[in-house]
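Beneath this line is the structure, given in structure tokens, with notes to follow.
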Amino acid sequence: MERVYNFSAGPAVLPVPVLEKVQRELLSYNGSGMSVMELSHRSELFQNIIDDAESLIRELMGIPENYKVLFLQGGASLQFDMVPMNLANGKKAVYVNTGSWAKKAISEAKKIQGVEVEVIASSEDRNFSYIPEIPTVSTDAAYLHVTTNNTIEGTAMFDVPDSAVPVVADMSSNILSSVYDVKKFGLIYAGAQKNIGPAGLTLVIVREDLIGQVEGLPSMLDFKVQAENGSMYNTPPTFAVYVAKLVFEWIKEQGGVAGIEALNRKKAALLYDYIEQSDFFSSPVEPSARSLTNIPFVTNSAEFDKAFVKEAEANGFKNLKGHRSVGGMRASLYNAFPIEGVEALIAFMEKFANARKGGEVRV
């Protein structure tokens, strides 16, 4: 079956070579006569998989030795709770509010008993269309939480704030798509289903001195327990870890994160440049804050937006509908999304615009 152009914000497009390798190895991994889905997580075969995955992500992101790499479950949403539970330790937790997911992280942190939350900067006053300036954080705070890419609103934080306290980053929608210096962060977390692999896996990178600060946490929610058990306190999402390892190998073959970022910038520039010169489509995001991976755009009417999404779907451009809280359209151009798909989308946008400039709406 011919593949379509999948603009889903997550779960998202995976590299075709990875899917093909998964297909080849599905019934018998490494000559074992068993699928990866059937391997014991205590087996040597799976231990090699998770060890290789960790080694690759350390190489790709330049993760120092004094950081632990954890392959967990529960999505980035569980980290909204685990971070304050493990790191706040009676101190103030400081957050930057740049979008829907940041708001959820803030809301969850406020539910943790004994955690005082301060929102130090926000872009909500202009519908999260920009990245706010972040003031100096008091040294008595536990951490500063930021969201490096706002999937729904289409903004990104490329410059990590210098901070006297650990910076915690939700990188779910731009991890491995842009180069970041891991040493600037105390903790990084990301749901896998955008740039890493299938849903069900969460990557956590945490500096060792931040582990074990709080006693008596539930074992599954304790970074210390997870680190001491090599991400296998309970059965990890074995198949998702395996696919992530293959994705890491693919990224390495593309020239690493720097090579991927160069391609992502080229893809994003094509679409942004077209939108900028268009008198039919527009971007709701300030130019300096525009994401490379999630690009929202709108026409001048909800009726045209609806018609565009419907006709795009019929023409093989899937999952372009914007998030229900924002509307319009959103093209998610994650690492595995081909540049040919961007070029094809632009051609379709031009055709749609030319057919509608007389005001006709066909829904």
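Note that the numbers count up from 1, one per residue, in the order the chain is shown.
Placement of Cβ uses the backbone N, Cα and C atoms for every residue, glycine included.
Counting Cβ atoms from all protein chains shown, Arg42 (L-glutamate binding site) has 9 others lying within 10 Å of its own Cβ. Arg42 (L-glutamate binding site) carries neither a helix nor a strand DSSP state and counts as coil. The L-glutamate binding site annotation in Swiss-Prot covers Arg42, and the record cites sequence analysis as its basis.
What Swiss-Prot records for Ala76, Ser77, Trp101, Thr151, Asp170, Gln193, Asn234, Thr235 is pyridoxal 5'-phosphate binding site, and it gives sequence analysis as the kind of evidence. According to DSSP, Trp101 (pyridoxal 5'-phosphate binding site) sits within a helical segment.
For Lys194, the entry in Swiss-Prot reads N6-(pyridoxal phosphate)lysine, with the evidence type sequence analysis. Within the same chain, residues at least 6 positions away in sequence whose Cβ sits under 8 Å from that of Lys194 (N6-(pyridoxal phosphate)lysine) are Ala9, Gly10, Pro11, Ala12, Thr151, Ser172, Ser173, Ile175, Thr293, Ser332, Tyr334.
Within 10 Å of the Cβ of Ser77 (pyridoxal 5'-phosphate binding site) there are 16 other Cβ atoms, across all protein chains.
Taking the Cβ of Trp101 (pyridoxal 5'-phosphate binding site) as reference, residues of its chain lying under 8 Å away and at least six apart in sequence are, in sequence order, Ala76, Thr147, Asn150, Thr151, Ile152, Asp170, Ser172. Separation of the C-alpha atoms of Thr235 (pyridoxal 5'-phosphate binding site) and Arg42 (L-glutamate binding site): 9 Å, rounded to the nearest whole number. Annotated pair Arg42 (L-glutamate binding site) and Asn234 (pyridoxal 5'-phosphate binding site), C-alpha to C-alpha distance, rounded: 10 Å.
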